[in-house]
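Pulled from Swiss-Prot, these are the features on record:
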TRANSMEM  33-53  transmembrane segment
TRANSMEM  77-98  transmembrane segment
BINDING   HIS83, HIS182  heme b b562 binding site
BINDING   HIS97, HIS196  heme b b566 binding site
TRANSMEM  113-133  transmembrane segment
TRANSMEM  178-198  transmembrane segment
BINDING   HIS201  ubiquinone binding site
TRANSMEM  226-246  transmembrane segment
TRANSMEM  288-308  transmembrane segment
TRANSMEM  320-340  transmembrane segment
TRANSMEM  347-367  transmembrane segment
Amino acid sequence: MMNMRKTHPLMKIINNSFIDLPTPSNISSWWNFGSLLGLCLITQIITGLFLAMHYTSDTLTAFSSITHICRDVNYGWLIRYTHANGASMFFMCLFLHIGRGLYYGSYLFYETWNIGIILLIITMATAFMGYVLPWGQMSFWGATVITNLLSAIPYIGTDLVQWIWGSFSVDKATLTRFFAFHFIFPFIIVAMVMIHLLFLHEAGSNNPTGITSESDKISFHPYYTLKDMLGMMFMFLILMSLVLFYPDLLGDPDNYTPANPLSTPPHIKPEWYFLFAYAILRSIPNKLGGVLALFMSILILFLLPYLHTSKHRSMVFRPVSQCIFWLLVSDLLILTWIGSQPVENPFITIGQLASIYYFLSILILIPLAGLIENYMFKW
């Protein structure tokens, strides 16, 4: 009799995805972030579910319900801070996962890459709506500023904003619908993740060399399950250190003040993981131009497979591309820093230069480096 995991219709899918999956023998720890993202997603759904049991999506009681969760619910503070800091861990893993895809040329798996970018966009939308729910000052003003950007769209802009708000300002209707969407989106993300994995297993994993690994593969279990578990332990160590010792390190003090439409915070800014896009938005003086730049900063990732000019897939053997890649990483760190600073010189100028370099490196420098390296290798 054959092993049940190989014959049972449901077990067979799990077996082919996580146990007997043929995997390149040389994939490094940079390939751990996919499983870490899965763990983050499960953690967020579980903690979010428990928070939703005690949260009320009403402008009068939302802030109080968060206070109630932290003070009166058993381990409510732990669930709340795990959820808040879990989002930061999620985006940290997400950015490293995308960075790995860019460095090792994984974007040449077109379907997997495109589904991944759609996942990024949905995750960003989910995180933004979640930030509005505590109904603190930064929640309210962040929602007002970011949703108001859509009014820059010609003809339909103003109507679109009021349609999203469900009112003439960010109000009870806005909070209720944001809670509804924030609850349902993670389940859409789970479905998209399954499609992401389906396309990945269709093509097979990439590896650090970027060369085909058909002749040298090993089973996923036990080798990579153990490796993933080690990564998960490290991630939980960092997450729990944040939650238990520095729960408010990545938050904003303004969000401990209840939302007040009559008082604007001195400096409106989103969570740290949106700061790079926020800096690009602010670097253009024109409203519509800023909104287009904001959307393009994410949508530009769709172009990467078509901008690949090198004969080598991975950047491992490409020193010029490596330099440009690490300059791009530095540039994103600078943009993140600029997004948290007030709108005044020299921050305005630095933000504009960093924004120009961001688009320049992806659209021109990386493809150009590929052509130069082809010539250097005499291909």
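Going from the start of the chain as shown, residues are counted 1 onward.
Keep in mind that glycine also has a Cβ here, set from the backbone N, Cα and C atoms.
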For HIS201 (ubiquinone binding site), the one of HIS83, HIS97, HIS182 that lies nearest, given that the binding-site residues are compared by Cα:
HIS97
Is it the case that the transmembrane segment (226-246) and the transmembrane segment (113-133) touch, counting contact as three or more CB pairs under 8 Å in which the residues of each pair are 6 or more positions apart?
no
Within-chain partners of the transmembrane segment (33-53) [C-beta distance under 8 Å, separation at least 6 from its ends]:
69, 79-80, 82-83, 86-87, 89-90, 93-94, 96-97, 100, 182-183, 186-187, 189-190, 193, 228, 231-232, 235
Cβ under 8 Å, sequence separation of at least 6 from the ends of the transmembrane segment (288-308): give me the contacting residues as numbers and ranges.
98, 102, 105, 107-108, 110, 113-114, 117, 120-121, 124, 149-150, 152-154, 276-278, 280-282, 355, 358-359, 362-363, 366-367, 370
Let me make sure I understand the structure: which of the binding-site residues listed (HIS83, HIS97, HIS182, HIS201) has the fewest other Cβ atoms within 10 A of its Cβ?
HIS201
Let me know how many other Cβ atoms fall within 10 Å of the Cβ of HIS196 (heme b b566 binding site).
21
What else in the chain is close to the transmembrane segment (347-367), if you only count residues 6 or more beyond its ends and a Cβ gap under 8 Å?
279-280, 282-284, 293, 296-297, 300, 303-304, 307-309, 321, 324-325, 327-328, 331-332, 334-335, 338-339, 341
Any idea what the Cα distance is from HIS182 (heme b b562 binding site) over to HIS97 (heme b b566 binding site), rounded to a whole Å?
23
To the nearest Å, how far is the Cα of HIS83 (heme b b562 binding site) from the Cα of HIS97 (heme b b566 binding site)?
20
